[in-house]
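Engineer: Next up is a structure, given as structure tokens.
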Amino acid sequence: RPSFCNLPVKPGPCNGFFSAFYYSQKTNKCHSFTYGGCRGNANRFSTIEECRRTCVG
């Protein structure tokens, strides 16, 4: 699994409402969150499938 999968979820400071997914090292699962649209990190995926494929394996 890439190291960025272990980054904490980061919605960012902007006020957008974008559906996204992140990997949780604690649960070994992908979860949904609302991304604000700016200054997040690499642990953010457009689909849960992409998150699972990249981080869960």
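Using N, Cα and C of the backbone, Cβ positions are placed for all residues, glycine too.
Sharing the feature lines straight out of Swiss-Prot:
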- C5-C55: disulfide bond (DISULFID)
- 5-55: domain 'BPTI/Kunitz inhibitor' (DOMAIN)
- C14-C38: disulfide bond (DISULFID)
- C30-C51: disulfide bond (DISULFID)
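I'd like to know what surrounds each of these features in this structure.
Structural biologist: Following the DSSP three-state reduction, the secondary structure of C55 (disulfide bond) is helix. C55 (disulfide bond) counts 22 other C-beta atoms within 10 Å of its own C-beta, drawing on all protein chains shown.
Secondary structure at C38 (disulfide bond), taken from DSSP and collapsed to helix, strand or coil, is coil.
If you draw a 10 Å sphere around the CB of C51 (disulfide bond), it holds 23 other CB atoms from the protein chains shown.
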Engineer: Work out the three-state DSSP category of C14 (disulfide bond).
Structural biologist: coil
Engineer: Disulfide-bonded residues C14, C38, C51: which have a Cα within 10 Å of C5 (disulfide bond)?
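Structural biologist: The disulfide-bonded residues passing the 10 Å Cα test are C51.
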